[in-house]
Amino acid sequence: MLHKLSIRHQFAAIGLFGITMTIAALVISLLGAYHLELNAKKAEVRTLVNNAVALTGSFVRLAKYGALTEDQAQGLALEILGAARFDHGNYYFVDDKDGTIIQHANKALIGTNRSNTKDAYGTYIIRPMLKAALAGHPIFHEYYIPKAGSKTPEAKISYMAKVPGWNWVIGTGMYVSDLRTSFWSNVARFVGIFIPVFLLFLVAMYFIQRNIAGILKAMTGAMARLSKGDLKAEVPYVARADEIGGMARAVEVFKAAGIEKARLEAEAAASRAAREAEAARSAAEREQAAQQLAFVVESIATGLENLAAGRITYRLNTSFAAEYERLRTDFNAAMERLQDTMRVIAANTSAIRSGTGEIAAAADDLARRTEHQAATIEETAATLSEITETVSGTATHAAHAREAVSAAMADAGRGGAVVARAVAAMGEIETSAEQIGNIIGVIDEIAFQTNLLALNAGVEAARAGDAGRGFAVVASEVRALAQRSADAAKEIKALISKSNQQVAAGVDQVGQTGKALERIVAQIAEINQVVSDIASGAQGNSARLLQVNDAVSQMDQATQQNAAMVEESTAASHNLAREVKQLAALIHRFDIEESAPAPVRSPAPAERPAAAPPARRMPEPTMADEGWEEF
């Protein structure tokens, strides 16, 4: 946007921007100073209140430890707080938790409740501070109240904190008007300094922009004359050592470049005239060469056109220019060799055509025979596959039966082991039960001794009279507890005795179960042997049938491969016959004259005897079928 303004207006914009930024910086600085001073005052008030709370806390501790009575301690604390003055007459005030004034500089207010007192603007004076202090989170609170001896409300910031141990809240404050008066005096002082500086800045900016505008106007005039072609125009300020001088010297360089350009243009005009004469001479030579090339191209095109039409007897008889003569001789030689080659191809095509007919007939006959043989072997292979699957299924079922019998025998063996472990475990249970019975006997003896001790304690308590009455009650409880322990021990002993009898009966039953499992294991072993023999025989038969089936499958694969080979040979012979026919038709399109040389070989067709049926032979098991598909 500045590029649309003149230099004078740009300087004015820069000056206005600088003044605006200076004023903004002054305002921000003054506001920052005001807030710093305000925060410092708040910190001072907080410190004063915390010191007063700490002082009062010492009196709380004196009253707590009995050095002073609570009334004495509170009286001394209020006396000290009431006499304290700071910061040009500021004072402490003390309220209880309900907002009743306990200590104040205005003695007439002591005893009054001001929890609901508001200032001239409807703001509670101490309620927010009192609530926050009692909650343990003291805050600063601003309200309006007249100074001593004045009736005009002024802004005051106060801070209150709770005294632990007593229901007191101590506070103090400061009037903000003092800070604001100091702030506005600073503003007035800065304005008084800024206005003269601002006026000096405007005067300096005016002379600077006037000087620069004059210099730029002179430079603009010189550059305008140079742009119109006036290379004799004088460039001002070339001798200056500042940026203006650098710009003037740059313009001087442009002037020198213009003079050099005029000289070069004159030289270029002379050179251009010489080049035009040389170009005219070269054009005449190129025209002659183009006519010769056009004749050569037209002749070659005519020869290629005759070749495309099949007239390979065509020759280029007109001589070319020396640089193109070899092209004509090479073309004629190529046409001669092509004519000789086509004569030989035409002679041999007829012989190939008769031979392909015989090959196709023989291949058709062989294909029919091979198809019949493949169908027969395929039926045999299908039948053997069904038999093999049946025998294999029988062998599989026998193997499954053998596995089931083996698993049953293993399970029976594991059952015998489990029974043995159960017998051993019951023996250990019986031993443990005997040990528990011994322990119960010890517990019974301890209960008996405890009962005797409790009885003796009761006798001693009775002798002690009233002094031992409580001990007699305890002895009675201990005796009752010992009696219950003895009864419980007898019941447990009876239960263990009954458990030993049941364990003995269980051991006998488990032993009989183990013997029965041993007989079952022996019988399962006999069954397993019989089933194993059946499975082994079935597997042997299945393996032999699989070998026979593999042999027949290999025969079938070989036959299928032979059939595929015959089919491919038949298709190849028919394709060859068609291609030979097409080749003969293409050769007839060429004009190769009637004096064609004799063919290389032209055998007479002979009647082909019927092929004998092939001998049947079992293929080797390792025969591969790579590259063949089923017939």
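Cβ coordinates are placed from backbone N, Cα and C, and glycine is handled just like the others.
Copied from TrEMBL, the annotated features are:
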COMPBIAS  596-624  compositional bias 'Low complexity'
DOMAIN    210-263  domain 'HAMP'
DOMAIN    291-343  domain 'HAMP'
DOMAIN    348-577  domain 'Methyl-accepting transducer'
REGION    596-631  region 'Disordered'
TRANSMEM  12-36  transmembrane segment
TRANSMEM  187-208  transmembrane segment
Secondary structure tally of the domain 'HAMP' (291-343) (DSSP, helix then strand then coil): 40 helix, 0 strand, 13 coil
Integer average pLDDT (0 to 100) for the domain 'HAMP' (291-343): 83
Residues in the domain 'HAMP' (210-263) grouped by DSSP into helix, strand and remaining coil: 39 helix, 0 strand, 15 coil
